[in-house]
Amino acid sequence: GRCCHPACGKNYSC
């Protein structure tokens, strides 16, 4: 899955 917001930190992916 994608994590598309700033709170994801290093996991941010769009």
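Heads up, the Cβ atoms here are built off N, Cα and C, so glycines get one too.
Per Swiss-Prot, the feature disulfide bond maps to CYS3-CYS8, CYS4-CYS14; the stated evidence is experimental evidence. Marked as cysteine amide by Swiss-Prot on the basis of experimental evidence: CYS14.
Here the features listed in Swiss-Prot are painted onto the structure.
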residue : record         : DSSP (3 states)
CYS3    : disulfide bond : strand
CYS8    : disulfide bond : helix
CYS14   : disulfide bond : coil
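Counting Cβ atoms from all protein chains shown, CYS8 (disulfide bond) has 12 others lying within 10 Å of its own Cβ. The distance from the Cα of CYS3 (disulfide bond) to the Cα of CYS14 (disulfide bond) comes to 7 Å. Around CYS3 (disulfide bond), a 10 Å sphere centred on its CB holds 13 further CB atoms from the protein chains shown.
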